[in-house]
């Protein structure tokens, strides 16, 4: 991989490199740089007061906790869905498989209004939960459900190909060595899936932290209670507090990039392990 | 190796004898897991899908149709189509260039470049819109310069296009890179040795190999471009009939308690999503067919 460019008979290195770098610079790097540049308008003290204000801290806490909860739920159910899709044959399997991609293809705002219609106190499911004293819409639970919807494909689609490529022979070997089915799955299959599960989890978690469209409708947007960090940035923009919005955004970006590093590290370790074998 | 493939196939075959096999679960466990998966996907994914159409049609076809031919809805649809018509081709050119670069050459900094291409995935849409506001807004870095020349980027279609391009930036590239990497460079090298020039190699050697993956990348990029909400919301300014896209139109109607009209507009976007999923199934089917042809 590394090392200077090897000689190739194929044309187009200069052209494609030019297009890629130019486009990347204009659309991604320069605009992203602006956010960080804008923070220099703030002194360190001002920056710190902004991002540690109670309302801002509360929004980070809500974003992180609901994303974490949603990613954990998806970790379990996403694994079950991937397992069922790969290992079993049953009527409607193809349809189920297509459904997994819907959150990826559906505009987030549509998901947001639909989920609110379902879980609002007078909604399809909400009206049955209300008498039980369980409120979903306009609570952190509602935010979590929206994030489960958004994060589902990330787990299923990272685990599925690994599970498909998994050699059944190692399971057979485990059985011949006397392991029961449950033990085989737990000790032989699950460790093989761990890097994919972790990657999917991290992807879903990172996506959840930044998610906006599907959450704003169902969250109710109450400061300190159900106000997520991206929404707080939006609020600050609407009241023309650009510097404050920038500070909140930079912290959110740093969190996302940290997640990205973690994902890269997991994949790097997994590929190194695969090479060693 | 061929033997290994054969055994794994025979194991997967759903024969009645499969029940009680040591490498599968008891039937009760299997049906329990299938039940859990079906119930989970129904609650989380299928129910919202159904809700959109049922709520949209709640007051009958007349209300549904009048919501769709409302002038604001039509202009929102037009703007949405325009934005996708600009953003998707540009992202496609980039996607093809980037995947050619990454799949066909080895050079220093390749993994860094790959990470940078993925970067927009991990940026919150709200921040994506905000960046362009900082760059082109009235108080932004280029704002005064643009203002002197009477150009407006944010709160106008160009800003919406830019924000959409950022959010949908990686889709085509992400779809093509693994595909082109898996196909290697032998065929292209052979073409080059036989004297074919750059564009010809791409057109008659690479493109036939990647066309289905490219199609899916395009369709997915298009669905995301037409459906982008957060980033567009920041730079649009929400001017009715001028800078409202279809997803923003859904939001405005919803916030005005015009639920039926809102869900009618949402159902258009849902249809787009379903078409996207259909295209994906088609691409997977075509790819499987191609692989069979190659094997057989």
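Even glycines carry a Cβ here, placed using N, Cα and C.
Per TrEMBL, the stretch carrying the note transmembrane segment among A:163-184, A:185-206 is A:185-206. The transmembrane segment (A:98-120) shares more Cβ pairs under 8 Å with A:132-156 than with any other stretch in the list A:12-38, A:132-156, A:245-266. With a cut-off of 8 Å between Cβ atoms, the residues of this chain six or more beyond the transmembrane segment (A:185-206) that come close are 67-68, 70-72, 74-75, 78-79, 147, 150-152, 154-159, 161-163, 166, 170-171, 174, 179, 256, 259-260, 262-263, 266-267, 269-270, 273.
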